[in-house]
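Taken from TrEMBL, the feature domain 'Thiamine phosphate synthase/TenI' covers 6-187. As annotated by TrEMBL, 4-amino-2-methyl-5-(diphosphooxymethyl)pyrimidine binding site applies to 36, 37, 38, 39, 40, 68, 107, 136. Taken from TrEMBL, the feature Mg(2+) binding site covers 69, 88.
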Ligand code: TZP
Ligand code: MG
């Protein structure tokens, strides 16, 4: 897969009424190079409509587009890939459905899961939640930056740190060995989405 540094996940509950596509375009203009549509609440038809609009946006800006959970929607809009959790369709089956060329990312919370993801053919793994987060229901306890160190030492596929990452604590995440970071609230909930992304890009350099 094309490498990335700054990964933004949608979270419309943080938009304060702003339009999904406008917010995500600001994020892209600020330097986000991969976007994930994550919508746990809407009906399939509405997820599809958002995915179609985000596919168009990400094509226009040459940004990678990932869909969370909905493999059918990902295929229908020709997204670049999907992101699954530990309790979703297992990697082997997800690969059968997606085919060899699409990206499959998977969330991991401990080194055993990271090893299994690598062995199972994932293209990248999510590593987290690093810090406390209010953006995910049923979230496991923070894994801390220690888990980043373990993954950085052992896992060879790309990994992205996630969970409670903010401008004020991202230094700890990078110091532990992460080179890619992923956020919901700090990006899409920012008063200045583009400016916030530009600051992250500056720090990630
Ligand atoms: N997976 C692990 S933590 C998390 C997800 C989807 C939520 C991240 O959101 P935030 O607002 O960046 O803490
Ligand atoms: Mg899932």
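Just so you know, glycine gets a Cβ as well, placed from its N, Cα and C.
TrEMBL labels come from automatic prediction, so no person has curated them.
Remember, it's a predicted structure, so these values are computed and weren't measured experimentally.
Taking the features listed in TrEMBL, we show where each one sits on the structure.
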{"residue": "36", "record": "4-amino-2-methyl-5-(diphosphooxymethyl)pyrimidine binding site", "contacts (Cβ under 8 Å, 6+ apart)": "7, 8, 9, 10, 65, 66, 67, 68, 83, 182"}
{"residue": "37", "record": "4-amino-2-methyl-5-(diphosphooxymethyl)pyrimidine binding site", "contacts (Cβ under 8 Å, 6+ apart)": "10, 47, 50, 51, 54, 65, 66, 67, 68"}
{"residue": "38", "record": "4-amino-2-methyl-5-(diphosphooxymethyl)pyrimidine binding site", "contacts (Cβ under 8 Å, 6+ apart)": "9, 10, 11, 68, 69, 83, 184"}
{"residue": "39", "record": "4-amino-2-methyl-5-(diphosphooxymethyl)pyrimidine binding site", "contacts (Cβ under 8 Å, 6+ apart)": "10, 12, 46, 47, 50, 68"}
{"residue": "40", "record": "4-amino-2-methyl-5-(diphosphooxymethyl)pyrimidine binding site", "contacts (Cβ under 8 Å, 6+ apart)": "69, 137"}
{"residue": "88", "record": "Mg(2+) binding site", "contacts (Cβ under 8 Å, 6+ apart)": "69, 94"}
{"residue": "107", "record": "4-amino-2-methyl-5-(diphosphooxymethyl)pyrimidine binding site", "contacts (Cβ under 8 Å, 6+ apart)": "83, 84, 85, 86, 125, 126, 128, 162"}
{"residue": "136", "record": "4-amino-2-methyl-5-(diphosphooxymethyl)pyrimidine binding site", "contacts (Cβ under 8 Å, 6+ apart)": "129, 163"}
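Only 136, in sequence order, out of the binding-site residues 36, 69, 88, 136 have a CB under 6 Å from ligand 1. Ligand 2 lies within reach of 69 from the binding-site residues 36, 40, 69, judged by a C-beta closer than 6 angstroms to any of its atoms. In the three-state DSSP scheme, residue 40 (4-amino-2-methyl-5-(diphosphooxymethyl)pyrimidine binding site) is classed as coil. Predicted-model confidence for the domain 'Thiamine phosphate synthase/TenI' (6-187) is 97, expressed as mean pLDDT.
Take the binding-site residues 68, 69: by the count of other Cβ atoms within 10 Å of each Cβ, the lowest one is 69.
Largest Cα-to-Cα span within the 4-amino-2-methyl-5-(diphosphooxymethyl)pyrimidine-binding set 36, 37, 38, 39, 40, 68, 107, 136: 16 Å.
When secondary structure is read from DSSP and collapsed to three states, residue 69 (Mg(2+) binding site) falls in the coil class.
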